[in-house]
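Enquirer: Take a look at this one; I'll ask things after.
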Amino acid sequence: MSHSVKIYDTCIGCTQCVRACPTDVLEMIPWDGCKAKQIASAPRTEDCVGCKRCESACPTDFLSVRVSLWNETTRSMGLAY
């Protein structure tokens, strides 16, 4: 099952998330919005196993990469009352 992987523009182009991903979901692409001139991209989300190693590796204060697991979304929907 694929998960949703969102890359935010707070990415500093450090490549930590790309190196942490065991299934090569992420890659770096050119981007002029940061000093490193690159940003993480998630072209292969169907390969995401939901381990969230990319999130753990992100050094920014506000995580630049977020993984949303489909079962987390379903579970949290049942908590509203």
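Glycine too: its Cβ is placed from the backbone N, Cα and C atoms.
Grabbed the feature section from Swiss-Prot, which reads as follows:
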type    : residues                   : note
DOMAIN  : 2-31                       : domain '4Fe-4S ferredoxin-type 1'
BINDING : Cys11, Cys14, Cys17, Cys58 : [4Fe-4S] cluster 1 binding site
BINDING : Cys21, Cys48, Cys51, Cys54 : [4Fe-4S] cluster 2 binding site
DOMAIN  : 39-68                      : domain '4Fe-4S ferredoxin-type 2'
Enquirer: Quick one: which of these binding-site residues, Cys11, Cys14, Cys17, Cys58, have their CA within 10 A of Cys48 ([4Fe-4S] cluster 2 binding site)?
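Expert: Close binding-site residues: none.
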Enquirer: Tell me the Cα distance separating Cys21 ([4Fe-4S] cluster 2 binding site) from Cys11 ([4Fe-4S] cluster 1 binding site), rounded to the nearest angstrom.
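Expert: Just about 16 Å between their Cα atoms.
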Enquirer: Would you mind pulling the DSSP three-state label for Cys54 ([4Fe-4S] cluster 2 binding site)?
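Expert: Helix, per DSSP.
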Enquirer: Measure from the Cβ of Cys51 ([4Fe-4S] cluster 2 binding site) and count the other Cβ atoms within 10 Å, all protein chains considered.
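Expert: Taking every protein chain into account, the count is 16.
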Enquirer: With every protein chain in view, how many other Cβ atoms are within 10 Å of the Cβ of Cys54 ([4Fe-4S] cluster 2 binding site)?
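Expert: Around Cys54 ([4Fe-4S] cluster 2 binding site), other Cβ atoms within 10 Å: 26.
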Enquirer: State the residues, same chain only, that lie 6 or more residues beyond the ends of the domain '4Fe-4S ferredoxin-type 2' (39-68) and have a CB under 8 A from a CB inside it; answer 'none' if no residue qualifies.
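Expert: Those are 2-29, 31, 33, in sequence order.
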Enquirer: With DSSP as the yardstick, break the domain '4Fe-4S ferredoxin-type 1' (2-31) down into helix, strand and coil residue counts.
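Expert: Grouping H, G, I as helix and E, B as strand yields 5 helix, 8 strand, 17 coil.
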Enquirer: What count of other C-beta atoms do you get within 10 angstroms of the C-beta of Cys58 ([4Fe-4S] cluster 1 binding site), across all chains shown?
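Expert: A count of 22.
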Enquirer: Starting from the Cβ centroid of Cys11, Cys14, Cys17, Cys58, which together make up the recorded [4Fe-4S] cluster 1 site, report each further residue of the same chain whose Cβ lies within 8 Å of that point, ordered by sequence.
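Expert: Near the [4Fe-4S] cluster 1 site, beyond Cys11, Cys14, Cys17, Cys58, sit Ile12, Gly13, Thr15, Gln16, Val18, Ala40, Cys54, Ala57, Pro59, Thr60, Ser64, Val65.
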Enquirer: Using CB atoms and a 10 A radius, I'd like the single residue among the binding-site residues Cys11, Cys14, Cys17, Cys48 with the highest neighbour count.
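Expert: Counting Cβ neighbours within 10 Å, the top one is Cys17.
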Enquirer: Quick one: average pLDDT across the domain '4Fe-4S ferredoxin-type 1' (2-31), no decimals.
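Expert: Computed over the domain '4Fe-4S ferredoxin-type 1' (2-31), the mean pLDDT is 91 on the 0 to 100 scale.
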Enquirer: Could you round the CA separation between Cys17 ([4Fe-4S] cluster 1 binding site) and Cys54 ([4Fe-4S] cluster 2 binding site) to a whole angstrom and send it over?
Expert: 4
Enquirer: Tell me the Cα distance separating Cys14 ([4Fe-4S] cluster 1 binding site) from Cys54 ([4Fe-4S] cluster 2 binding site), rounded to the nearest angstrom.
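Expert: Per the Cα atoms, Cys54 ([4Fe-4S] cluster 2 binding site) and Cys14 ([4Fe-4S] cluster 1 binding site) stand 12 Å apart.
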